[in-house]
There are 2 protein chains.
Amino acid sequence: MMDFLEEPIPGVGTYDDFNTIDWVREKSRDRDRHREITNKSKESTWALIHSVSDAFSGWLLMLLIGLLSGMVKSKQTDNQKEVADGMRKYILVHYFDSFSLIFSDNCGLSFPPLKSGSLAGLIDISAHWMTDLKEGICTGGIWFNHEHCCWNSQHVTFEDRDKCPEWNSWSQLIISTNEGAFAYIVNYFMYVLWALLFAFLAVSLVKVFAPYACGSGIPEIKTILSGFIIRGYLGKWTLIIKTITLVLAVSSGLSLGKEGPLVHVACCCGNILCHCFNKYRKNEAKRREVLSAAAAAGVSVAFGAPIGGVLFSLEEVSYYFPLKTLWRSFFAALVAAFTLRSINPFGNSRLVLFYVEFHTPWHLFELVPFILLGIFGGLWGALFIRTNIAWCRKRKTTQLGKYPVIEVLVVTAITAILAFPNEYTRMSTSELISELFNDCGLLDSSKLCDYENRFNTSKAGELPDRPAGVGVYSAMWQLALTLILKIVITIFTFGMKIPSGLFIPSMAVGAIAGRLLGVGMEQLAYYHHDWAIFNSWCSQGADCITPGLYAMVGAAACLGGVTRMTVSLVVIMFELTGGLEYIVPLMAAAMTSKWVADALGREGIYDAHIRLNGYPFLEAKEEFAHKTLAMDVMKPRRNDPLLTVLTQDSMTVEDVETVISETTYSGFPVVVSRESQRLVGFVLRRDLIISIENARKKQDGVVSTSVIYFTEHSPPMPPYTPPTLKLRNILDLSPFTVTDLTPMEIVVDIFRKLGLRQCLVTHNGRLLGIITKKDVLKHIAQMANQDPDSILFN
Amino acid sequence: MMDFLEEPIPGVGTYDDFNTIDWVREKSRDRDRHREITNKSKESTWALIHSVSDAFSGWLLMLLIGLLSGMVKSKQTDNQKEVADGMRKYILVHYFDSFSLIFSDNCGLSFPPLKSGSLAGLIDISAHWMTDLKEGICTGGIWFNHEHCCWNSQHVTFEDRDKCPEWNSWSQLIISTNEGAFAYIVNYFMYVLWALLFAFLAVSLVKVFAPYACGSGIPEIKTILSGFIIRGYLGKWTLIIKTITLVLAVSSGLSLGKEGPLVHVACCCGNILCHCFNKYRKNEAKRREVLSAAAAAGVSVAFGAPIGGVLFSLEEVSYYFPLKTLWRSFFAALVAAFTLRSINPFGNSRLVLFYVEFHTPWHLFELVPFILLGIFGGLWGALFIRTNIAWCRKRKTTQLGKYPVIEVLVVTAITAILAFPNEYTRMSTSELISELFNDCGLLDSSKLCDYENRFNTSKAGELPDRPAGVGVYSAMWQLALTLILKIVITIFTFGMKIPSGLFIPSMAVGAIAGRLLGVGMEQLAYYHHDWAIFNSWCSQGADCITPGLYAMVGAAACLGGVTRMTVSLVVIMFELTGGLEYIVPLMAAAMTSKWVADALGREGIYDAHIRLNGYPFLEAKEEFAHKTLAMDVMKPRRNDPLLTVLTQDSMTVEDVETVISETTYSGFPVVVSRESQRLVGFVLRRDLIISIENARKKQDGVVSTSVIYFTEHSPPMPPYTPPTLKLRNILDLSPFTVTDLTPMEIVVDIFRKLGLRQCLVTHNGRLLGIITKKDVLKHIAQMANQDPDSILFN
């Protein structure tokens, strides 16, 4: 391996855009750097301080990422006055802060960094305000959303807490009334109009400023973490535009969530912060460790689940995840979760996205409906992936893809028009999920809790099963319609050119299905408590079934079906409820869902999108099961011309330049002689071009007839011959080799585990061919009966 | 890679005892097996069923492991009658069950398997009973321990719940009184006597029946999981003897815990259950996946922390941990935790070992004492490891090691004699920790809660800080003495020839230190609440400081210092408290402790014991930081004779047998010819010997002058020459090679990640040498200035 520290030629050792990094080389470079610092640290105190600060820079970086990613949610306290004050302070301080952060120099972080944690909080509070803007405006202060507007009011009681004179719907503002068909039409019209405006702004901003800001970002982050380079994907502009458009997209009422994009936002923060630390700026492998931790912090703030976030990063996103990264991710995720809580100005908020507390234990028999929900989740997952991918492929291949703005506007219009009449579609999806997860208490005024004899409880505080009232029945119908709408519209929404996450829509679908089944079970148990399946454990008047738990299990099942997460999904859900009790139902549903979905299609949605986009991602989970050998995959194929090689001491600069111009290979093996085909090393095309150019410019007398030497010592040259060019320093002297009879399963394993870019193939000690990562991916695609040309990049 | 399915010669592809497995070969074999089953499954329904059952056998195995490892603890309900009934039933059913399980055929598990979950429960209940036997006996039923004896009694009130007429101390039984110095001496004498008896039984049983049952077992399990073979270490006898002697050792009052050995017991269960499944019995790599999950289940039951168990297995124990194993470990850990709870006959018991609930939030300033506890933990960890390793080395190298029974008896006698007069050393260590973690409530009668004005609270239910009473001061002194005793005696206890875990003693040391500091802080805050550091957050009469939390943080710090666990430690502790709040103090302490301990010595106790025993364990966490090359490590060295190779088509049986008898290498490279040194493949010594023996026995006419061919086709032989022996089927055609200039850091990485046994070294396409795992380990030891000959096995 060459030593970059001795003779640095600018550019050598870097990568082109849309290329794969060589993990072995990057890690080797980092170890060289570390070794140098350690050696120097013995020389002077200053170097020692440098070495210590270098060792702790990783932790400092994690701290900063955690702080920056923190603060997503802001919920209410019971004390209304306090809220209103907090609100005003909050908006002023944090809006200012966030913008000053974004537009200031990346590295000039002002202390205390705690204040800069408000980025995600900004997203959340703006989205709330804008969502309500579609329905009306607060005359008590235009910057208040509906909820905060009424808290600030003196004219409301607890029961009517969302009706107050300060809050005016659009019909009240325009035609001064809220009654009658015309007012309804005015409100309807304004709702659709605002939705279209938000969507238009979102898609235009994305299109003009940062095309990479669209989608959930998780497929691309997975690819980047596996060692691919996409310049700008985690940059400043992507961060700014994604943050703004995410708010707009969520506010427009489209069927999308902000949790997935938050992972992208957290990774952008991580990447930008990396620029402040030499150790991470210059090394692609080290930077990816930081990004893994940033992804964990992103999930941690999105769901308020630090352990779940770390496991999500480990299971779903990361590729190279050493134990040190596990520990650091955990740290970053915790800091993020605590920042979120500490700077929350509304006090006693819960850390988690959907806080649920159930009181009734579940019965073994209930595993049957839970497994049914798992099957539903698996079916929906498989169906969603198939149809969504088919639609995205159509977008890619037909004229449709050329009009992203029109597409977004059409989908937004349809969503808004269909959503307005139904209160469950009109409310934001996360509110809907909250309501579905909720176990009905005595004070709940929701339609879903409208049971007969509500206030007629036998014992104080206990809520027995009751017959459903009119409200519940109408809610059931509305939920069924919501379910159909969400199922259909999400397929067309995910993949459009706006930021869009999948967690929330998937969970909503599952939660609705679960709640429907839960209420059904509850009523069945109430009316038929003498049935054999019920009478052993569910006596009349007892509280046997918790429909909220069914909603939660359904949400886990659907999310599992779409993403194929397993442990991390269960742990995230466990952190939401906080009780070990409900892990078994969640696990049963998640497992069933994964098995059913896997039976219908092997890939999760992120992997499917990676394949759709042709990214060179080598899946670490799938075993390669075919019995092919390295010789079946290597290039050149049997009837092709021989492998292009360089010799170590007989080619001139001109010869090499001819080889470079005639081929497009990204690297060339160097051999002792063409006859023996004995391998010496491997040289990268990019390094070769840069070095020859550099030599022609600087080194005296290097001309086209100069001989290039890759050997350690060049032989004495006769006089009057042009000076030689020594290139041993760019030669990789330890290229990986396998024999031609190595099974591909082992080759795939080596590529995965060592993170190789290419591998040379020998037969009985002679060089025979080369296998690149792209060849491996093409071969895997071919063996799975897919189009091998779908792999696009190197 | 050879195909073992076509021509199976018995013994080919297996390993000798104390040898390292080849992960690549094992995984390759499993893939071959899997491929065959999948192909066959298309042929007939029966084969399809076989294929499905094969796919699910892993899950079934996890279920069984979980069930079997479950059930550790058994705590009381409030209903005394129920307890007594449950108790009797429990003892009868579970004793019978456990023994029938152990002595029945391994694979003849009777259904329902739920009943067999009682193995760990047996350990727990027997240990309780025997611990109390040292103090007295229950006349109401000899099988009751002190606590259960008095529950069963009609003569006690809640306050005096441990004093009842049925429970007789030894002095009461022997001299009919419990008063006076003589009674004290009788009790003292009986206490020491019983302790000696238990210890003698334990050490004798271990010595006679199962020498592998001693110690905590975690170092050996780590080594086994990394790919080493120790036959019998996870066998039936080890399981039985370890289970019995663990009870005896814990009961003898020695300073040891049962949590570490429980991991060993769970791994034994896993290994024995593997014999019932072809897939796992025959494949060393697959079996190690199961053992990783079993270790997770073991920790899960030991602490009641399923997620912590999985992370422990991932972070501390496992070597090869694919995502599939993560998911399965999680499943096994959950099943284990739920079995533990479900078959617990005492009802409403908590899942966790030490359940704690704190009510007071911690203040940022308290991080200072928490970090101090971290420093203490790190210092104690480093001190413990150094002194314990020094003592164990002395035991190994001097006469001391020859008298294990005497050593155990002496240590037991000293422990018992010093322990009896002090109530905190007399009680079992886990009870002590429970008491130290406990936050004082109104009803607590412990001396630690003897504050002045206890019942004089200002508000109902709130417990403000109070001045310490006489009881607290005397408890402080006793605890300080306990701390010194535990610190000293644990050093000599761990490593003796009895089952001994380290978790509980380390936690006890930390918990005592933490409680002492916590009470100190509490009194400081009470008497000096006007100091600047206190007056901002701790007003007079408020409850500012929770000494129990300090004990917990101290326990985490000491455990972290000894084992160097990080994430898993914090998660286990988090699962004990169940509140995200206290993660930050725990993390601060755990991190400080790890940093301090790492600064004083790089290895954790398990790694230190691995090195002491010379096991070939290639640490996955440490980066190899030196700048050596493969040529510096490979054999032969510069002045040695050339590498011993076989040629592919020119050696006779006799030649090969000479090579085998003259060398001790465990494998030989096969080359085209000695002149060209071009590598063809690699053949293992064991396979070669077995194949030649087999051929001489069965194949007609193979004699000493027969030529051995490793080529695909043997050339036509002239008449009257002896028949040739074709051995291509045992030749590994894809040996791993590196060049001589490959940095050792990359070689170490390859060995770790691919799990190699050996790697060949080439220079410019010619075979030059070989590096084995042992060479790599010796080189690492040498670079770390350690004795390279400490690596003992292959």
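Cβ from N, Cα, C; glycine included.
Bear in mind that TrEMBL entries carry predicted annotations, made automatically and left uncurated.
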Among the residue ranges A:262-281, A:322-341, A:502-521, A:742-761, I'd like the one that TrEMBL describes as transmembrane segment.
A:502-521
Which of A:290-314, A:364-385, A:405-422, A:475-495 has the most Cβ pairs closer than 8 Å to the transmembrane segment (A:181-203)?
A:405-422
Residue numbers, six or more beyond the limits of the transmembrane segment (A:549-574), whose CB comes under 8 Å of its CB atoms:
299, 303, 305, 307-309, 311-312, 314-316, 356, 358, 360, 362, 369-370, 373-374, 376-382, 384-385, 433, 436-437, 439, 502-503, 506-515, 517-518, 521, 580, 582-583, 585-587, 589-594, 596-598, 603-606
Within the same chain, where does the transmembrane segment (A:364-385) have neighbours whose Cβ lies under 8 angstroms from its own Cβ atoms, ignoring anything closer than 6 residues to its ends? I mean 6 or more beyond.
487, 490-491, 506, 509-510, 513-514, 517-518, 521, 533, 537, 545, 550, 553-554, 556-564, 584-585, 588-601, 603-605, 608
Is it true that the transmembrane segment (A:502-521) and the transmembrane segment (A:405-422) have 3 or more Cβ pairs under 8 Å, skipping pairs fewer than 6 apart in sequence?
no
What are the DSSP helix/strand/coil residue counts across the domain 'CBS' (A:634-698)?
24 helix, 16 strand, 25 coil
Taking residues 6+ outside the transmembrane segment (A:405-422), which of them lie with a CB under 8 Å of any CB in it?
187-188, 191-192, 195-196, 198-200, 202-204, 207, 252-255, 395, 478, 481-482, 485, 489, 492-493, 496-498
Across the domain 'CBS' (A:730-790), what are the DSSP residue counts per state (helix, strand, coil)?
26 helix, 18 strand, 17 coil
